[in-house]
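K.L.:
Reproduced below are the annotations present in TrEMBL:
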type	residues	note
DOMAIN	85-158	domain 'J'
REGION	282-309	region 'Disordered'
REGION	418-451	region 'Disordered'
COMPBIAS	419-436	compositional bias 'Basic and acidic residues'
COMPBIAS	439-450	compositional bias 'Gly residues'
DOMAIN	541-595	domain 'Myb-like'
DOMAIN	541-599	domain 'HTH myb-type'
DOMAIN	544-599	domain 'SANT'
Amino acid sequence: MLLTALDGDETAVFKAAVASVQIQVEPVGRWFEAYIKRRNRTASASFQELEEEQQSSEESEDEEFVLQEYPMLRTLDPKDWKNQDHYCVLGLPHLRYKATQKQIKTAHKGIVLKHHPDKRKAAGEQIGEGDNDYFTCITKAIEILSDPVKRRAFDSVDPTFDNTVPSKNEGKENFTEVYAPVFERNARWTSKKHVPKLGTMESTFEEVDNFYSFWYNFDSWREFSYLDEEEKDKAECRDERRWIEKQNRGSRAVRKKEEMNRMRNLVDSAYSLDPRIKKFKDEEKARKEAEKRPKWKPRREQEEKERARQAEIDAARLAKEKEEEEARQVAQLAKKEKEIQKKAIKKERQKLRTSCKTWNYFTEEESDSVKMMEEVEKLCDRLELTSLQSLNEILALGSREDSKVAVVKQVQEVNAQLQREKEAEVQQRQPTRSDHASAGGGGGGSGGKGFNEEDLQMLIKAVNLFPAGTNARWEVIADYMNLHSTSGTKRTAKDVIIKAKSLQRLDPKQKDDTNRKAFEKFNKEHSVVAATIDNAQPSERFDIAGASWTTEEQKLLEQALKKFPVSTPERWEKIAETVPGRSKKDCMKRYKELVEMVKAKKAAQDVAGKTKK
């Protein structure tokens, strides 16, 4: 910086200044260290003077320290030297890992002068032979502590070191007082020189963050080779030595892992209990909330409305679920009652059969016995629970004659009821037969005028559904039409055959006209259903969707029905997933059609069997 010109002086430029250049200078060696020390002491001294001063200070310390003789030295077992405290043996229990090599040598010299075997032998003391004397422990101690590698291994397993980690209850009240000594104690294992302090409650965020970053990335030099159970020097061959080294490496790795877990637990415990961390988190949370608060105001009303709407939806859903649960409970209760009643009826029926069998069906003749057996089975099928219970009470308490009278009376009542039902059915069929007889004429027989347009379409469908070769084909077609027809007219196999033959004799134009009307009706119904959802859908039994099912889809549906029984939850959803391209409704519809077809065929076969008999 140029000085200000005085009054009367003139400023002149002789030469242009060269731009300044920055040069990076790095400190190197002990000379720079000596310079720093001189600068800090505000005194000029050479590096040699500083070394001499340090050496003199160490000598003064050596003169000041006092050996503390180990009282148990004479009782030590030389063979168990590995488990001894080497610092105590040399009289340095108060210095331990802080003792210098000079102090160790001085202590060893003093101990040797006092406990050497030759000196003790001259004093008339009994000396052990060879390595059996306790002086061997002193020799092992100086051997371990004078070697930096061996001493470091021994210091790693220092028996006086406290490895405990404070519990959470201990650190809740006095955090710094409890954890500060623990971290200072464990700082001896670090490989780095500068270790941050735990600090106080007034420490800044940077200081606390630096402290925990250091300990979470703690680099420990502690190793556990001193605890090796096997000594490779005692190995007899190279293979045995390699095996011992492998065993020792494994045990060291295990102990090292345990040590790292201990340190991690210490840091985690301190971090979780540190009140400063909680304070910093609260401050950060308050700051973020303060930044977000202006943005919340425009959306608060919208969120409140959304919450209210969601609450209404949840309330409606809960109410619906409650109603469904109540209905499900009622259905389960009804189902249980039905099962109970079913079991009771089964029990009473078995009881009736047993009682009648006990009385030999109230007869001595075999033919009468078979007939009475049939009547008893009829009673089991027709009587209700109360009637069966009353009849069983009479059979259990009454005599043979009373029981027979009761059973015969019930049989007569059941037969009378069956007769009345049969007569009513005959009377109901009488008008239908008269209509068929009056409808006879053109077309080669009766049955022409009794079929309306819907019945004709159903007949065509049934003929295609049950082709030639079906067992009792025309009885099956008649039962199918009686099951699906809405007109209420009962058709017999003869009526169906007559009408089918009359359709075959129709003019081709009339056949085309009938097929066209059937297709137009089918197309109209399905188009209306697809266009509007609110319209009433036709019954699934009138659909002909079964014709669009391929053989592969039919096979997949049958496999899915076997794989997912009735007790499977969400059965039809899983079945629909098994059949590609088919929805749950399609699968249910196809299943109903198959059930109806099987029922119709079975009924037709039963009718055909009775007719042949």
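Including glycine, each Cβ sits where the backbone N, Cα and C put it.
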K.L.:
What is the number of residues in the domain 'J' (85-158) that are helix, strand and coil, as DSSP sees it?
P.N.:
52 helix, 0 strand, 22 coil
K.L.:
I'd like to know the mean pLDDT over the domain 'SANT' (544-599).
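P.N.:
In the predicted model, the domain 'SANT' (544-599) has a mean pLDDT of 82.
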K.L.:
So, by DSSP, how many helix, strand and coil residues make up the domain 'HTH myb-type' (541-599)?
P.N.:
43 helix, 0 strand, 16 coil
